[in-house]
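Here is what TrEMBL records for this protein:
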{"type": "DOMAIN", "residues": "8-114", "note": "domain 'Cadherin'"}
{"type": "DOMAIN", "residues": "115-222", "note": "domain 'Cadherin'"}
{"type": "DOMAIN", "residues": "232-337", "note": "domain 'Cadherin'"}
{"type": "DOMAIN", "residues": "338-445", "note": "domain 'Cadherin'"}
{"type": "DOMAIN", "residues": "464-554", "note": "domain 'Cadherin'"}
{"type": "TRANSMEM", "residues": "565-587", "note": "transmembrane segment"}
{"type": "REGION", "residues": "640-670", "note": "region 'Disordered'"}
Amino acid sequence: SLRRVKRAWVIPPISISENHKRIPHLLVQIKSDKQQPGGVIYSIKGPGVDEEPLGIFSIDKFSGKVFLNAMLDREETDRFRLKAFALDLGGTTLEDPTDLEIVVVDQNDNRPLFQQDTFTGHVVEGAEPGTCVMTVEATDADDPDTDNAAVRYSILEQGSAAMFSINATTGEICTARPGLDRETVGVYNLTVQAADMSGDGLTTTARAVIYLEDINDNPPEFTKEEFNMEVEEQAVGVDVGKIFVHDKDLAGSPNWLARFTILEGDPEGAFAIRTDPYTNDGVLSVAKPLDHEVRDRFELTVSVQNEQPLEPVAPASPRALATVRVRVRDVNEAPVFRENPRRVSVLEGTPPGTPITTFTASDPDTHQLQTLTYALLYDPADWLQLEPHSGTVRTKRELLHPSAFLQGGWYIALVLARDDAEPPLSATGTLSIEILEVNDYAPVLQPTAGVICGRPGRGGNLLLGATDDDRPPHGAPFHFQLSPQHPQLTRNWSITRYNVTHAVLAVLGELPQGPYSLPLLLRDSGTPPQERQQLLNISVCHCSRDGTCEDGVLAAATAGAGITLGALMIILGSTILLLVLVGLGAARARGRRRALRKGLLLQHSGDDMRDNILNYDEQGGGEEDQDAYDINQLRHPELFSPRAKPPVRRDTPLSSTTPLAPRKLRSSPSDIEDFINEGLEVADSDPSVPPYDTALIYDYEGSGSVASRLSSIVSSLTDEDQDYDYLSEWGPRFRRLADLYG
């Protein structure tokens, strides 16, 4: 069942103003009639007592009085909810806990605060009134349900023009009147105020900066109506001068950037104007070479506009056009070859001194009296000579074709033209000379002889060719035909074209074997054509079944480059066989000579050394030694027959002794090898002289030879074992040798 709570124990909400300074301050006294006074103990719990923030409230436990012990701030805590307890002296609960609510009453102790110190906005110049730019906003920490937080806005300062207004409740700033001009005032600085208590309380201020955005409401203008400049002739790409302009719009923007146009005075497009991106001025430059002799002055009409179109409200510019006068200064100009390169054609073989062309240049400086001279700058083959004043080019020597100095049939030379100004200027011209081929050679038949079977259709064909020293188109195709002067040849022979350089000779009827001479007429394709009549020597052979010649000797003897394949194989086989036989014979003869010499050297190796020493009256050998042997015996063997007196060696020691075995010569030797071998046998049997192929003794030629000693030849003994005293017994010619080794 519900218990009735006494009215004294129910505590209504208690209000206390924030920032109350008289503390401690009695807020309320709670009572319980369960006991006599003095028999009840009171206590409170909750925020501000035993919870954060601690120590703000307290209670007298015997009287039940609740006190405020600290100043309150509504912006921190706007109310406190506590619990009150009543106990007897023994700690027994007398009353159920009751609520104690303390409400903090707001005071206007907080002024409005702007969200930022400076607000920034943008609006285009010339904006209509009422165009909103930005919104400023301020907040107040006081109770929003009271006037303490009712904020109102106002503009305290913006200059004398008062171009902007502000909504007092929302803080929105808008344009108030027309006439915003960036070129006059580009930035507006406003001081904005926010006040609580509906504008009558605490206040605060902030700064509002409004930038005017540029529009193209000002056209560019030239700083003056006329500009004067000058430039040298023949200068291309150089700057002549600047054309100055002024524009009030924002620098660097498309509304400020100027664009220039040449309206009049330059129909050839000799000038160009570009815009300097930093100064916005026009830069006049030369686009094409100027010639003082052709035109020495220019008067240009130039206009200027912005890259961005003008706004309709922009006024017209009185200086949108300007006159630019340019004077062209005269300077020395290099000569000019009007036709460069100059191409001419010359026939090959043109004799020296023949004029080829006159290659001249012109001097652009018609207002100056100057003389041009010419010289050959490049003439690799030294074929040309040049007249220095007239520019006439002549041949210095015969122009040859072909030549290493020709490039595709063209000869390139360079001509230098120079004026006599100070300093002199020059120009180079290219002279291209085409060396035209002349048809000065007739075709030559290749081969001039051949072998052919005398039977039609079976080896009775011969491939003929021709060569021509001329270059195309004066060479091939060649035309082959039988001589028109001998029409009877067409009965047995025919010539048909094989390709542009060859033809096929064919037998029309069976012909007997033997040699034939066919007069042929050869003609080239030149202009005019050259022709030559030549004889073709043909050997008609007996044909085998396969269409080849059976007589290989005849084919080998008469065939040339145009012989058949079978004959060519026979010739090659015979040649190889002959080379093999000759090689075998030479090897056999060389082997016999080596064996014979070896036997002579080793024969009687243990005999006295004098048997192997040949005594010469003087040193021989070489081309001057004509006495060692009489070569006439080999050239004229018939003079040395067995009936004649045996030949006497002129290099033998003086002796009247006749050889025991005189040399026998064949009456008519046919083999030189047999003849020499017989001579060797005669020499071996001659007791008066040693053999020719034994060691020879020469006179003393000095000491200090770098060669090895020869004392051990045909002996196994050393120099110390040899006894050379016997050499003195051989005569005066060996005494010197005995002195050296004895």
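Just so you know, glycine gets a Cβ as well, placed from its N, Cα and C.
Automatic prediction, not curation, is the source of TrEMBL annotations.
Taking H, G and I as helix, E and B as strand and the rest as coil, DSSP gives the domain 'Cadherin' (232-337) the counts 0 helix, 45 strand, 61 coil.
DSSP states for the domain 'Cadherin' (464-554), grouped as helix (H, G, I), strand (E, B) and coil, give 8 helix, 42 strand, 41 coil. For the domain 'Cadherin' (464-554), the model gives a mean pLDDT of 84.
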